[in-house]
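The feature signal peptide is assigned by TrEMBL to 1-21. Here TrEMBL flags 55-136, 143-270 as domain 'Anoctamin dimerisation'. TrEMBL lists 273-855 with the feature domain 'Anoctamin transmembrane'. According to TrEMBL, the feature transmembrane segment maps to 284-308, 361-377, 445-471, 491-519, 540-557, 662-685, 713-737, 812-841.
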Amino acid sequence: MPFSLLCCYCVCVCARARVRALPVSLRVLLCFKPSRKPAGSPLLDPTGGSRSGLYFGDGKRKVDYVLVYHYRRRRASLRGSPGHHRLSIISNGSFPVSGGGGGAADPAEEEKLQIREEFEANLADAGLEIERDKEVSGIKGFSGKMNAMWRKLNQPFQPKVPQMLSQSRTKFLSHSFSRDKLHLYNIKQKDTFFDNATRSRIVKKHNTIQTFLNTGQTLMFTPCLPGITTLIANGVYDSAFPLHDVSFFFIILLHDEWARYGAFYKYQPIDLIRKYFGEKIGLYFAWLGVYTQLLIPASLVGIIVFFYGCATVDTNVPSLEMCDERQNFTMCPLCDGACDYWHLSTACSTARASHLFDNPATVFFAIFMSLWAAMFMEHWKRRQMSLTYSWDLSGLEDEEEHPRPKYESILLKKREKKKIKKIKKKKKNEPGQEKLTWRDRLPGYIINISSILFMFSLTFSAVFGVIIYRITTSALMAMSTDPETKSNVRVTVTATAVIINLVVILILDEIYGAVAVWLTELEIPKTETEFEERLILKAFLLKFMNAYAPIFYVAFFKGRFAGRPGDYVYIFNGFRMEECAPGGCLIELCIQLSIIMLGKQLIQNNIFEIGIPKLKKLYRTLKEKGAAPEESDDQLAKTPQQWDLDYDLEPFEGLTPEYMEMIIQFGFVSLFVASFPLAPLFALLNNVIEIRLDAKKFVTELRRPNAVRARDIGIWYNILSGMGKFSVIINAFVISFTSDFIPRLVYQYMYSETGTMYGFIDHTLSYFNVTNFKPGTAPISSQYDKEVTVCRYKDYREPPWSPLAYQFSKQYWAVLAARLAFIILFQNLVMLLSTLVDWVIPDVPKDISEQLKKEKTLLVDVFLREEKDKLQLIQSLFLKDKDGASTPAALPAQEGEAGPRARCRAASFSQFTRQPSPGQTVKHTEV
């Protein structure tokens, strides 16, 4: 099958060659605004206005990138005044260059004007075509709504994308673009050789590396500083972004087949997403799709485990014994003084509910989910490798990034201080490149460590505050004279405490997100990649502690340090530490996990994600509307262009929030899944909505992000891998110490006379002599007719008539040894199985591995043949010069070839524009 060389990655073009030397012309539109943006829909009507919104004034040259800046409009207009200016840039002249008005000029604005003129002139000299838009000032109109084109589906779960329907089995060889090998590329048309995302990426790269000189003293600029990011940071430009392509093939297809809730059952058009938004965003949605897809088997197994608990609850012996009133287990009071003795049978509903999640199938589900996490990571690695191969990312190399504006600003101050010191000491300037050292970053590191420790203490304080609320509320409700209030103490306190925890988590999450950005800025990272990685680590650490601290408390600390009757542990010298419910702490852990998980998904991931951007947009519109002057009739009559509508959208702030909410959800699904088997099901339902919600946000509510190339999901993979391994340990401890699985096994196989579970409840309850209560802690009044001499409590301790009264019994140490042994066995078994899964499933699919080797061999053959043709051409030219020939003749046919052979010229850029000689053909290697 025929193949041809295509562009593999194009950012390197700008690093090695001037843009004017490319086979395409890259274009930038300048859009300047006095005060505020026009109102309207983010998308234009496809039937009209889309071409004028995406093209220059001539309607032929397409807009690749938009630069936006604000200026202050003057009331009077005087030509020749200091405010009037005209940029020396390349323009087609369709739109007049708007001059400023008369009046006193702001020195800062004049300096920004000069910097813009120089920067744009440099862009024009580099080969970019630039056009200035008309003055736009608050259009009071709106575009018509986009009519979604519903199409019949040929396949039930496949998006109906023409590119996918017409896929062929032809695979094209690819290589990084090079002018020297231009004749090898399959360039059918100059304007379409680079797609829209690639063109905008090239323009952004050139805007980033373009420099300017500091011509004034009002703004602190570094001489010859890389361009647009610093200019935006210093207010010279307001923003820079590529335009949304409102053509049918992109936005309408993405909206109909992806960003629509009615398409929830379809696969995502990942290739189209990548083509429009770039590889980095394409990999995020591909990862989210794989994660959501693999939640389906986890949800099914979780449902089976839950229904198993429902089916066996009526035959569960411990639950039946707790609900049997004939057993007559008189339990010790739950609080001092006000609480009375109570019967264990009153906790029947709690015991039955606990069995739904604490049954033998839970252990199997915990092992299954640990293996599921390993399978998910392996499946994603294979999927990522497939995408890397199909998207031509195998040879993508890390590019040298330019420093961030803040880094350059601090570096400039350091240079100035050093220069002043040298002048005072009368020393000569030593050559060498200055850089920030650890001494410059030491104050930021100190503030980082102290702030993170403070945030940890704040999280623990919030958890401790909720514990105090639970203890005090339980004591107050126990003193009530209403019998119904007394009977619902545990349910009321647990539910309200979890809701308070949820509210605190949501508030602290927003605070920690802002604090993480501030702390990362203090570290002064040099590049955006370093900034993003450090921000991710800080935000994840803070939000992880915030989300899981209450759950860790219930799972591993609640009831462990409460003491025993007669020797309880008190806080503030008056309140007893809280204990677990009679059915165990697992049911409370399930309630805590389910409410926090569902609350975060419903409120933070959905309501906040929809509502906050709309509130920001409304606030920005009202703010700029109040600061804007009145518009003239000509300005009101102007039709909003695409760049006007795109500017009205929210700027894209990165993928960190999107990844973070999914990573926290992954923790809920994997870390404590032994206590809540339905967690994968609720995560699946949330993600089905989340995918379409994120898609709709990217298509209709956000400015089009810059297309960024990436080979993988970066540091997020390491976080996922670490959480998967950590989940094995957490689930082992939950099964061993939080549930009653190990005590049941120990009783059944070591202490049961019949080898069954009959007598298990009596075995787990210890005796306490009521005469050993401390003064003032015994019940003030009792409802029991006969006097109670002995009460029971849940623990493994010696009875009061034993010589070692109230000491831990042999059963306690046997159960503790079995728990520790289970942790070791469970952890090693799961780790062994995970390693086996990793070893059995290769990271690279076999067919892709073979194709990569084959393509590498073919590329070597192509370039060897090219070098051979060059050598033969040079030899023939030397021979003809030697023979005195005036015109070059055709090269002699190679040995073994029949017939004349077309001349193969050396690669050069001028070859592209040169007309081929008659009979000359361009040869491509076939696969």
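Cβ coordinates come from backbone N, Cα and C, glycine included.
Keep in mind it's a predicted model, so treat the numbers as computed, not measured.
Residues of the same chain lying 6 or more positions beyond the ends of the transmembrane segment (361-377) and with a Cβ under 8 Å from any Cβ of it are 290-291, 294, 297-298, 301-302, 304-305, 308-309, 669-670, 673-674, 677, 680, 717, 720-721, 723-724, 727-728, 731-732, 734-735, 739, 741, 826, 829-830, 833-834, 837-838, 841. Within the chain, the transmembrane segment (812-841) has long-range Cβ neighbours (under 8 A, six or more residues past its boundaries) at 366-367, 370-371, 373-375, 378-379, 382, 725, 728-729, 731-733, 735-737, 742-743, 745-746, 750, 795-797.
Counting only same-chain residues 6+ beyond the ends of the transmembrane segment (540-557), those with a CB under 8 A from a CB of the stretch are 452, 455-456, 459-460, 462-463, 466-467, 498, 501, 505, 508-509, 512-513, 515-516, 585, 588-589, 592-593, 596, 600, 660, 663-664, 667, 671-672, 675, 719, 733-734, 737-738. Same-chain residues lying 6+ beyond the ends of the transmembrane segment (662-685) with a Cβ under 8 Å from its Cβ atoms: 288, 291-292, 295-296, 298-299, 301-303, 305-306, 357, 362-363, 365-366, 369-370, 373, 540, 543-544, 547-548, 551, 555, 586, 589-590, 593-594, 596-598, 600-601, 605, 716, 719-720, 723-724, 726-727, 730-731, 734-735, 738-739. Listed by sequence, the residues of this chain that lie at least six past the ends of the transmembrane segment (284-308) yet keep a Cβ under 8 A from its Cβ atoms are 267-268, 270, 273, 356-357, 359, 361-362, 364-365, 368-369, 372, 375-376, 379-380, 383-384, 387, 655, 658-659, 662, 666, 669, 673, 677-681, 683-684, 687-688, 690-691, 694-695, 713, 716. Here the domain 'Anoctamin dimerisation' (143-270) returns a mean pLDDT of 65 for the predicted model.
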